[in-house]
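Asker: Annotations per Swiss-Prot:
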type     : residues : note
SIGNAL   : 1-26     : signal peptide
DOMAIN   : 32-134   : domain 'Gnk2-homologous 1'
CARBOHYD : Asn43    : N-linked glycosylation site
CARBOHYD : Asn47    : N-linked glycosylation site
CARBOHYD : Asn63    : N-linked glycosylation site
CARBOHYD : Asn72    : N-linked glycosylation site
CARBOHYD : Asn93    : N-linked glycosylation site
CARBOHYD : Asn103   : N-linked glycosylation site
CARBOHYD : Asn111   : N-linked glycosylation site
DOMAIN   : 140-250  : domain 'Gnk2-homologous 2'
CARBOHYD : Asn212   : N-linked glycosylation site
Amino acid sequence: METTKKLSPIFCFSSLLCLFFTMNQAVSETDHMDTFCIDSSRNTTGNTTYNKNLNTMLSTFRNQSSIVNNYNLTTGLASDTVYGMFLCTGDVNITTCNNCVKNATIEIVKNCTNHREAIIYYIDCMVRYSDKFFLSTFEKKPNSIWSGDDPIPKSLGPFKKRLYKKMGEAIVRSSTLSSALTPYYYLDVTRFDGSYDLDSLVQCSPHLNPENCTICLEYALQEIIDCCSDKFWAMIFTPNCFVNYMITTSPLPPLPSPYHHSGSCSIRGNSEIFWGMIILAALVFTF
């Protein structure tokens, strides 16, 4: 005779909470993508005025990121002038932005000691500084590209063509948002074939004009199309813009293992994990 045991709701809920916080911590602790320390004959050594100005700037970024999701600053004079900026992705709240910028400003100094130019990419933000003015200049490099390992299902048909079309539409829309609260940020969710969603995000640095924003996003999209358009998700960060997409299923796709094209990164997983816990909880409590 078989006996069916039912878990108590309290035990189930406690287990789900433990699983959620464990997975959430794993994601949040590994969201650094890439750091680029630009080598130059202008690099400094020791406790210079330039380094002091840089530290002042990064401290200001940590404070300002608790208020706004993008900011730029110039500190110092003549050869000791530092130009810098931070930019958070438009889909994160101000707390997440602040945490990301705090981590980025600490890591960029730790990894790029005495460099007069550097850029660091996190999933939720980027921080950059230089001894040269760069804010309105369109630049393709250095960039960081990531994708999942899992291939998209054949049932989606000619996905590359469909992806190019939908992302192209998002880019056109983004270029009209230069005066938005989060300039040039656009997020789109499109249902494919009943059970698949295409989530696409595009965003430019607010200092670009609309023409250069479009050029940057089109370049970034082409990079993703060339390397990763057969994958469940992919993202690219450049000095001036971000592009990423993710295919999701109902209720959830398997969490993809990351494949890196130029650095180190993890998956943005908080929302997927959260909804996964909700769905699992609903199933458990029906028993």
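Cβ coordinates come from backbone N, Cα and C, glycine included.
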Asker: Whole-number Å only: compute the distance from the Cα of Asn103 (N-linked glycosylation site) to the Cα of Asn212 (N-linked glycosylation site).
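Answerer: Cα-Cα distance, Asn103 (N-linked glycosylation site) to Asn212 (N-linked glycosylation site): 29 Å.
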Asker: Test of understanding: give the count of other CB atoms lying within 10 angstroms of the CB of Asn111 (N-linked glycosylation site).
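Answerer: Neighbour count, Cβ to Cβ under the 10 Å cut-off: 14.
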Asker: Reduce the DSSP letter at Asn93 (N-linked glycosylation site) to three states and note it down.
Answerer: coil
Asker: Rounded to a whole number, how many Å is the Cα of Asn63 (N-linked glycosylation site) away from the Cα of Asn93 (N-linked glycosylation site)?
Answerer: 15
Asker: Looking at the glycosylation sites Asn47, Asn72, Asn111, Asn212, whose Cα is closest in space to that of Asn93 (N-linked glycosylation site)?
Answerer: Asn72
Asker: Taking Cα atoms as reference points, rank the glycosylation sites Asn72, Asn111, Asn212 by distance from Asn47 (N-linked glycosylation site) and give the first.
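Answerer: Result for Asn47 (N-linked glycosylation site): the nearest of the glycosylation sites is Asn111.
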